[in-house]
Amino acid sequence: MSFKSGFVTILGRPNVGKSTFLNKVVGQKVAIVSPKPQTTRKSIKGILNRPDSQIIFVDTPGLHDPVDSLGEFMIKEIQEALEGIDLLLYMTTPEEGWKEDVRYLEQIKNFTNPKFLVINKKDLATEEKIMEIVGFLSRHTPFAESMAISALTGEGVSELLEKVVNYLPEGEPYYEPGIVSDVYEREIVAEIIREKIWWNVHQEVPYGVEVRVEEFKDRGEVIYIQATIYVERDSHKKIIIGEGGRMIKKIGQEAREEIEYNWGKKVYLDLWVKTEKSWRKRPEVLRRWGYKVK
Ligand SMILES: Nc1nc2c(ncn2[C@@H]2O[C@H](COP(=O)(O)OP(=O)(O)OP(=O)(O)O)[C@@H](O)[C@H]2O)c(=O)[nH]1
């Protein structure tokens, strides 16, 4: 049997359990689990290495009604995240709100690769309820497979993974299994820093922020982290640094506290802010940062 590898994305309304599922599957904290809606704004990869396959999960922001500009921005992000994806898992739950899924499914109707319907939190509902939801949503969107799981207890998760592997294309692994843990750590730290920037300055710096974690060194007692925040304009750099460096200090302190909480260790966080003019339009910069650019 030949090896399979591919990119899988999980979409669904906020709070359906996407992060919980990812953490269960990958066995590490890769995305920020939180009962607050919309905390996972940017895609993070979680990589599952199996003897027969490598599944690369891309977490995406929760789907939204395009009511405000932030919503529109997020939908654009969703569409971008869907490029190059081999399989889409649409996640929902038997909790109130599943009828609204029809509106959200509209946003992914142009996706041509296989879609699965995953009813998470099956522990909260009866079999009949689940059948009702599957019937209702399948009438709107054709799904290659549909199944119920509980990301919390793990029920149905390994069966789901078997089906995922069935639908992945044959191919070599994209990531070397050995380096994966470092990828996670840097991604998690970058995600935490991005989140703090977003909470503090998203009105003034609404786009074009990239965080690169240059070093992550676990030195036993202390973790030493060096990260750079890239922005597109000098005016954005000024805002993130703040008067007398107050804003960058605040962002750094909030991020450091959360990283310390996650790892249970002292953290030394060295944060820099740099302008990389119009970086989103510059293929050489995007490639250097690991984005796939045609
Ligand atoms: N009962 C039950 N609760 C679950 C299950 N999976 C997740 N949850 C809970 O649902 C809540 C939301 O889970 P998250 O994983 O943060 O949801 P998310 O979809 O990633 O949310 P956003 O990041 O806001 O988009 C958390 O309180 C989880 O503990 C499940 O299988 N059963």
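Using the three backbone atoms N, Cα and C, a Cβ is placed for every residue, glycine included.
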In TrEMBL, one of 38-42, 168-172, 218-222, 273-277 is tagged region 'G2'. Which stretch would that be?
38-42
For LYS18 (GTP binding site), the three-state class that DSSP assigns:
helix
With DSSP as the reference, give the number of residues of the domain 'KH type-2' (193-277) in helix, strand and coil.
38 helix, 29 strand, 18 coil
Which binding-site residues from the set ASN15, LYS18, LYS122 have a C-beta atom lying less than 6 Å away from ligand 1?
ASN15, LYS18
